[in-house]
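Quick notes on the structure that follows.
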2 protein chains.
Amino acid sequence: MDRESKVSMTVIRRLPKYYRYLGELLNKGITRISSQELSKLTGFTASQIRQDLNNFGGFGQQGYGYNVEDLHKELGIILGLDKMYNAVIAGAGNLGQAIANYKGFEDAGVKVLSLFDKNPKMIGLKIRDIEIRDVDLLSQFIKDNDVEIGIITTPKDNAQEVADIYARSGIKGIWNFAPADLIVPDDIVVENVHLNESLFTLSYFLKNHPSFDTES
Amino acid sequence: MDRESKVSMTVIRRLPKYYRYLGELLNKGITRISSQELSKLTGFTASQIRQDLNNFGGFGQQGYGYNVEDLHKELGIILGLDKMYNAVIAGAGNLGQAIANYKGFEDAGVKVLSLFDKNPKMIGLKIRDIEIRDVDLLSQFIKDNDVEIGIITTPKDNAQEVADIYARSGIKGIWNFAPADLIVPDDIVVENVHLNESLFTLSYFLKNHPSFDTES
């Protein structure tokens, strides 16, 4: 399947939501679910759900619905959560430290090996067991440790410089928290977390007072 | 203008991006920009940009383009960034502490007055000048201090309980970092930051290796 043309971003972004809902159903001991029931849970139409999942395989059976455990496991594989990734964090300020402790990494098979910073007061400190190293050592560390994910929690003016180091050192994917548009080679994935844009959207709706969730 | 039916979420979510780009242009001393130039910067078509901005007023002039400072200022007002909001944070763990220090609050006119937690080891500590108070005091604090924004950085199992306290205490908007779907009255705005979904999306693309930014 030629994924680049067949599966759109909007479909792909629904997958982690399905994964989350199915995880919650699993925790509740629910073994089976229909697309109608999934529709009530997720807010997506039953038809949309079936179409989305059909992009990835023949899940579900007419009259039975979906087996929750199997579908959850399959989605986990599709999302690549079964693979282990080594990661580093550049920018050991409050946000970087918070992300170093982020529980979601375990669920995604991501292991943060080190933080990096240029501030001498931070270098040598430890966040739980994770050391803060001098950013001068970043490139070599990535190569020595087969690091595939580079996280950026620097101020925006340092973000591109870090992205450049990541790009030339073998990083394959960047999780970027800095409010900057990164320029990287085409074969590197960039996922941005736009905290400012999220907060400003909240501010817009507080001012304009609609009666719906900002995701609708 | 009936905003609920006339301006879609996709348009609204582009506004903070325009605001950010215009801010960067301002910092560079650029006073004027055409929709074509904005198109090159943002990746949106010139026609889309003009349509988006036309929803909110008659900005720009044929042959001149847009005045950067005026447009930036107007967008700031539309986004409600000119209004000051008091905020509280429930959940004083790493993420809550990082968010307490988040620089974007100043840009959005948001002032965090207090953190709240139920862990006795946290209660009474200070993050910079911001105190961590007992969550039992949360509701009264919101009322006493005209707090309009409630931030949730608790584990997912505590998020709904916090949302309930927020809802009955007068909070108008919730910035939610917990991976949970909150149930709140219709007149409360909820903006979710889905860190898990973002990370899982990155994982998907690392596995499926397309050659584009996850936002395209």
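Backbone N, Cα and C atoms are what each Cβ position is placed from, and that goes for glycine too.
Automatic prediction, not curation, is the source of TrEMBL annotations.
These come from TrEMBL:
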DNA_BIND  A:17-56  DNA-binding region
BINDING   A:GLY91, A:ALA92, A:GLY93, A:ASN94, A:LEU95, A:GLY96  NAD(+) binding site
DOMAIN    A:80-181  domain 'CoA-binding'
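Within the same chain, residues 6-7, 11, 64-69, 71-72, 74-76, 78-79, 81, 216 sit at least 6 positions outside the DNA-binding region (A:17-56) and bring their C-beta atoms closer than 8 Å to a C-beta of that stretch.
Around A:ALA92 (NAD(+) binding site), the same-chain residues at least 6 positions away in sequence with a Cβ under 8 Å from its Cβ are A:LEU115, A:PHE116, A:ASP117, A:ASN119, A:MET122, A:LEU125, A:ILE127, A:ILE132, A:THR153.
Chain B comes within the C-beta cut-off of under 8 angstroms for the following of the binding-site residues A:GLY91, A:ALA92, A:ASN94, A:LEU95: A:ASN94, A:LEU95.
The number of other CB atoms found within 10 A of the CB of A:GLY91 (NAD(+) binding site), across every protein chain shown, is 26. Per-residue confidence over the domain 'CoA-binding' (A:80-181) averages out at a pLDDT of 95. Around A:GLY96 (NAD(+) binding site), the same-chain residues six or more apart in sequence whose CB sits under 8 Å from its CB are A:ILE89, A:ALA90, A:LEU115, A:ASP117, A:ILE151, A:THR153, A:THR154, listed in sequence order.
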